[in-house]
């Protein structure tokens, strides 16, 4: 029997059944428990959601920026009041430790919503003088109905990252959470309604990416799609968005990010950063620094420091306060990660720790994989070239700065990168040569609301967060005004 009642769709401020009456299961990856039967949305449900969103958007866009900001801030307050309740739901659905979801997921999502609430009244156009009798002014107008398609690793945070700038600009959003972790987006929709968001301005359709997800990208009355997920799926989304109605797209896709440890680095600090950049959230973070470059002469010392820190990993029941490392998000994903680990072993990489599923006692019921470090890696190995999205660190030795930069850039991805060195001139020199959209110096992983997030190359298009994101949810209308006589050539 499922822990929660059957989960419906959320359309026009209320829960409704899916037209097909079909469902799928949401599973707790820590123990295999069925959390809920969840409605599978189809074409008729999407049409209903679009019509609802169009109605709600007209009301929402007619409000002033200050009025929209007040409602958004009420939602922020509700999110913070219910932080622990939402964190537990997120832990059950994702397998992430409660210590993590309580301190990161809802808090950082609420921060982004508050940030864009502050920007909503500041959306403005320009006045451009042409001559004494004429000028141009511009208006930043909402796109209308937009869509967000979320990933499974940060369900409510990603929903807020996409909804916040869209709502600030006066749009309505249809959001599809990942079918792997669908529960918290529905609670977010309830909170938005309670805060006073007009019906239809935030609708949630649960279901598969291949099903309702594909229908969303094709719908001619949806003006934009913001997608977070893998590169292969992102390419399909972009092709469908362009082929249907030339939709605008924002995409945050995969990564295989390099972390360069310089020869003058504090190795204790570098080891702390490397472990956080690979094992936080059980390695299921898009920006993880999975390719760690270390000077050849420091490799043995650095390996020892990494192993010291792995001893501090407390794998366990995600609901226990002491746990800081939970299961992977699903059993299917666990199998994928284990396959990559097997490929690494077969290719000749040397295992320093982990490299296997954890099956002792109660862990046999969950999707637990031990933190894994490979050394003696080469750039042509699949564990070095392909995104694993799990707790797998690949250690690569290098001889000089130019070599490290060249090899760091030798990838189809360009999401994130980092460097560890006390020499700030060197740090900036290296960072400026790295082909990545998000970079860190002597730290890793923080993505505050003010910081634009997005990738180079095949890691994405556009940006989320920061002022830059707001422009992706508006369109510019130019208006010329003539105060003098009109001179016709006819």
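Just so you know, the numbers here start at 1 and follow the chain as drawn.
Heads up, the Cβ atoms here are built off N, Cα and C, so glycines get one too.
Taking the Cβ of residue 162 (active site, charge relay system) as centre and 10 Å as the limit, one finds 27 other Cβ atoms among all the protein chains shown. For 162 (among others), the entry in Swiss-Prot reads active site, charge relay system, with the evidence type sequence analysis.
For residue 252 (active site, proton acceptor), applying a Cβ distance below 8 Å and a minimum sequence separation of six or more within one chain yields 227, 228, 286, 415, 453, 454, 455, 459, 460, 464. Marked as active site, proton acceptor by Swiss-Prot: 252.
As annotated by Swiss-Prot, active site, nucleophile applies to 286, with the evidence given as sequence analysis. According to DSSP, residue 286 (active site, nucleophile) is assigned to coil rather than to any helix or strand. Around residue 286 (active site, nucleophile), taking its Cβ as the centre, 26 other Cβ atoms fall within 10 Å, counting all chains.
Summarising the environment of residue 464 (active site, charge relay system), the number of other Cβ atoms within 10 Å of its Cβ, over all protein chains shown, is 24. Residues annotated as active site, charge relay system in Swiss-Prot: 464 (among others).
The feature K(+) 1 binding site is assigned by Swiss-Prot to 26, 27, 93, 180, with sequence analysis given as support. In sequence order, 33, 34, 35, 330, 331 are the residues near residue 27 (K(+) 1 binding site), counting only same-chain partners six or more apart with C-beta under 8 A.
Feature annotation from Swiss-Prot assigns NAD(+) binding site to 150, 151, 152, 176, 177, 178, 179, 230, 231, 232, 233, 254, 286, 387. According to DSSP, residue 152 (NAD(+) binding site) is assigned to coil rather than to any helix or strand.
Over all protein chains present, the Cβ of residue 460 (K(+) 2 binding site) has 28 other Cβ atoms lying within 10 Å. Look at Swiss-Prot and you will find 246, 457, 460 tagged as K(+) 2 binding site, backed by sequence analysis.
Sequence annotations record features per position, and here Swiss-Prot assigns cysteine sulfenic acid (-SOH) to 286 based on sequence analysis.
Counting every protein chain shown, the number of other Cβ atoms lying within 10 Å of the Cβ of residue 248 (site 'Seems to be a necessary countercharge to the potassium cations') is 17. Feature annotation from Swiss-Prot assigns site 'Seems to be a necessary countercharge to the potassium cations' to 248.
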Cα-nearest neighbour of residue 248 (site 'Seems to be a necessary countercharge to the potassium cations') within the listed binding-site residues, 26, 150, 177, 180: 150
From 152, 162, 231, 233, 246, 457, the recorded positions whose CA lies within 10 Å of that of residue 180 (K(+) 1 binding site): 152
From recorded positions 26, 152, 162, 177, 231, the one whose Cα lies nearest residue 457 (K(+) 2 binding site): 231
Close in space, distant in sequence - residue 231 (NAD(+) binding site), Cβ under 8 Å, 6 or more apart: 253, 254, 387, 412, 413, 458, 459
Candidates 26, 162, 246 (recorded positions) with Cα within 10 Å of residue 179 (NAD(+) binding site): 26
